[in-house]
Amino acid sequence: MAKIIAFDEEARRGLEKGLNTLADAVKVTLGPKGRNVVLEKAWGAPTITNDGVTIAREIELEDPYEKIGAELVKEVAKKTDDVAGDGTTTATVLAQALVREGLRNVAAGSNPMGIKRGIEKAVAQVTEKLLEAAKEVETEEQIAATAGISAADPAIGAQIAKAMYAVGGGKLNKDSVITVEESNTFGVELEVTEGMRFDKGYISGYFATDMERLEAVLEDPYILLVSGKISNIKDLLPLLEKVMQSGKPLLIISEDVEGEALSTLVVNKIRGTFKSVAVKAPGFGDRRKAQLQDIAVLTGGQVISEEVGLSLETADLPLLGQARKVVVTKDDTTIVDGAGSEAQIEGRVNQIRVEIENSDSDYDREKLNERLAKLAGGVAVLKVGAATEVELKERKHRIEDAVRNAKAAVEEGIVAGGGVALLQAAHVLDNDLELSGDEATGVRIVREALTAPLKQIAANAGLEPGVVADKVSQLPQGEGLNAANGEYVDLMAAGINDPVKVTRSALQNAASIAALFLTTEAVVADKPQPAGAAGMPGADEMGGMGGF
């Protein structure tokens, strides 16, 4: 395909225009008075959301240079979402502010590499200041406040805090397993069930059943546990046929699934003949065997292993485990409500406790405690209901974000919310870090950009951004604007806080992309095809698949 190339100012301005288009659509959602954005879908009802990364994913621009600019900012939102689970809109607003100020200085003759170094040094100092200011989360009320802000509903925040305590063994734990399900009832209900999550995802992306969320959801599946590798489909075929006749999906957990066995499962999944997901077993060596046995006890199945005289060819349905639901992403697998007996699970838990007491190795004890938490902790299920499907999807998305937000708060602590932590951390840059020239310019760009989230929150609340930023900069540490009612308060005392992990990630990712923008000297893009040239001749007549 032919390419088009833009250089210098033309290249950077094209990228900036794409960034601004995306950022302007996203930033209206920031803060308690933020608005919603309606996203049209190819089929079904439109989605209404105030989640930055969801909005960013939907934006596709026509101009090739603008499209690249928008894609770069999408990366900021996606990376922040992946790392922290929230803060995507803040990251986008920061990126826009950094790029706008940076390009203005580059156009005026500043050296982009000097500015880049200044930005990096300033961000490192601000990050350090944020981590120093962070307070550890110690109470259920603090988690409820953090999650409640993310979900824009204090009642949901309280349910999430309750869920974290319920499956964390009576204490806050960032590894608490909390899933969100759609329900036919109104409101949000909490249910704690037997279950487990381990950090292995699907072997092939083709197993995903929900392409938008890139996850595979199996309802009431059989679970096949195998200690070795599966590569020969002939070994697996007799069991597959029995599972197919039962009409249930199948989750396979083994050392690996490869070759013709994997390709057969994928082809049948794509054709809709048989729904299955293959996942690598967690751990290595003896730990893998032990964890497979944990899953077997939890699901009421048996591990197929030659050590106990069981083989795939002779395996039957009674050897398979079962669960109410299994959710598999690219990174982890969650088993909800396994069919194992209470007595066997309790016996396994006691056995692990004895092993912990008898172990001399700190590392072994740590791994055994992880297994104990997974087996004994269970899974908290938040069931979400709403009047319409559109509202239900939006609510579910908000709650999932709030859960990840709460976990981030437990992990690294919390700082004052509402954009105030960033603005007040900017004081560390007051003397330009004693740098000079273009590096000092980079520091000043960061200092100015750190006011952008607070200004946007104020603007969305109908207040004058400059006046609010000036007022907050003069307030004592931790005090700032409560945009919900327009009052200036002690934000931590009022329960208005953000996980420092979210704030830190938003700044670091925004600065990373801004540095790329400023140091770009050429952009190579695909040349747009003339209208009507994109379709292949005869594709319609052949059904678009060559007649197969």
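Using N, Cα and C of the backbone, Cβ positions are placed for all residues, glycine too.
When the candidates Asp430, Asp470, Asp498 are compared with the ATP site entry in Swiss-Prot, which names Thr29, Leu30, Gly31, Pro32, Asp86, Gly87, Thr88, Thr89, Thr90, Gly418, Asn482, Ala483, Ala484, the shared residue is Asp498. Here the binding-site residues are Thr29, Thr88, Thr90; the one with the fewest Cβ atoms within 10 Å of its Cβ is Thr29.
Taking the Cβ of Ala484 (ATP binding site) as centre and 10 Å as the limit, one finds 15 other Cβ atoms among all the protein chains shown.
Spread of the ATP binding residues is 20 Å (greatest Cα-Cα distance among Thr29, Leu30, Gly31, Pro32, Asp86, Gly87, Thr88, Thr89, Thr90, Gly418, Asn482, Ala483, Ala484, Asp498). Look at Asn482 (ATP binding site): DSSP puts it in a strand.
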